[in-house]
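Visitor: I'd like to ask you about the structure that follows.
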């Protein structure tokens with residue numbers, strides 16, 4: 001059975017836990033292997049992943065490519081300038097054609113609806129590599145990182161400071177599925193999507209939205225932020241001024257739990273959402289987090305292609 005992975009809820013709590021266990025296990029099993037060597041069982045030998053990029057990427061592109069290589073498979077990379085989808089071919093037609101050529105499709109796009117439509121018309125699994133609504137693969141890596149360092153994810157308090165964006169949406173979703181509270185600190189006008197919050201609360205999610213960054217971070221086990229300003233974004237100076245009280249600096253981290261972890265999906269704008277002393281400091285797990293994109297996405301690929309559960 002094949003399954004698409006557009007949001008964490010597609011897998012449910014049991015599926016997410018299954019993928020996390022697989023990611024941790026496969027990472028340990030690779031000890032001593034060169035990065036380009038396949039896993040010893042090469043479970044996706046002969047399989048091909050098509051990767052559609054409508055947004056530039058470093059981590060998503062390299063981590064998915066290496067994930068498929070380590071699983072024994074191959075990838076094909078496409079962008080809007082090199083495929084007919086960028087010149088008027090419908091999503092439905094693209095999905096049907098690609099389904100005849102490849103075993104799975106990953107898409108990174110500004111338009112979540114495209115990912116949904118691609119999954120609707122494709123006969124193979126579709127994976128959300130990032131959309132304007134959510135970033136589930138990133139949060140799988142975040143969850144794996146916390147699981148490795150703290151031994152659990154359930155019950156740990158997560159604090160988010162900054163823009164109410166796609167990464168936050170997936171954290172909120174994860175909290176509602178796995179049972180950890182999420183406290184959100186955003187300036188007025190930059191809140192997360194109300195529908196995302198409502199869906200999470202309907203699943204029993206414990207969510208606090210506050211304008212007070214100290215209230216949000218106090219005692220938190222995990223502190224997370226992301227870039228505030230996207231390339232070419234209008235009114236950047238106005239947004240930057242609104243966000244500055246939510247910067248993660250040493251004083252803010254000191255308000256969290258003594259052993260709190262700091263996460264950032266990268267790339268970081270140092271001196272804006274986070275200062276060097278935090279991102280390079282003892283609380284920071286960002287390099288493990290970045291590496292775990294690879295391992296978490298291997299588990300996602302296996303789940304989507306019916307090799308897990």
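Note: Cβ is positioned from N, Cα and C throughout, glycine not excepted.
Quick paste of what Swiss-Prot says about this protein:
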type	residues	note
BINDING	57, 58, 59, 60, 84, 108, 135, 136, 137, 138, 265, 266, 293	carbamoyl phosphate binding site
BINDING	166, 226, 230, 231	L-ornithine binding site
Visitor: Count the Cβ atoms, other than its own, that fall within 10 Å of the Cβ of residue 57 (carbamoyl phosphate binding site), considering every protein chain shown.
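Guide: So the Cβ neighbour count for residue 57 (carbamoyl phosphate binding site) comes to 17.
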Visitor: Same-chain residues six or more away whose CB lies under 8 A from the CB of residue 137 (carbamoyl phosphate binding site)?
Guide: 5, 60, 127, 128, 129, 130, 293, 296, 297, 300
Visitor: Of all the binding-site residues here, 166, 230, which one's CB has the most other CB atoms within 10 A?
Guide: 166
Visitor: If I take the Cα of residue 166 (L-ornithine binding site) as reference, which of the binding-site residues 57, 59, 135, 265 has the closest Cα?
Guide: 135
Visitor: What binding-site residues in the list 57, 59, 135, 265 lie within 10 angstroms of residue 226 (L-ornithine binding site), counting C-alpha atoms?
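Guide: Taking 57, 59, 135, 265 one by one, the ones whose Cα falls within 10 Å of residue 226 (L-ornithine binding site) are 265.
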Visitor: Can you give me the same-chain residues 6 or more apart in sequence from residue 135 (carbamoyl phosphate binding site) with a CB-CB distance under 8 Å?
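Guide: When sequence neighbours closer than 6 are ignored, residue 135 (carbamoyl phosphate binding site) has 128, 166, 167, 169, 170, 265 within Cβ distance under 8 Å.
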Visitor: Other than its own, how many Cβ atoms are within 10 Å of the Cβ belonging to residue 293 (carbamoyl phosphate binding site)?
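Guide: Result for residue 293 (carbamoyl phosphate binding site): 25 neighbouring Cβ atoms inside 10 Å.
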Visitor: Tell me, how many other CB atoms lie within 10 A of the CB of residue 226 (L-ornithine binding site), whichever protein chain they belong to?
Guide: 23
Visitor: For residue 57 (carbamoyl phosphate binding site) and residue 230 (L-ornithine binding site), what Cα-Cα distance in Å is obtained after rounding to a whole number?
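Guide: Checking the Cα atoms of residue 57 (carbamoyl phosphate binding site) and residue 230 (L-ornithine binding site) gives a distance of 13 Å.
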Visitor: Restricting to the chain of residue 59 (carbamoyl phosphate binding site) and a gap of 6 or more, list residues whose Cβ falls under 8 Å of its Cβ, or answer none.
Guide: 265, 266, 290, 293
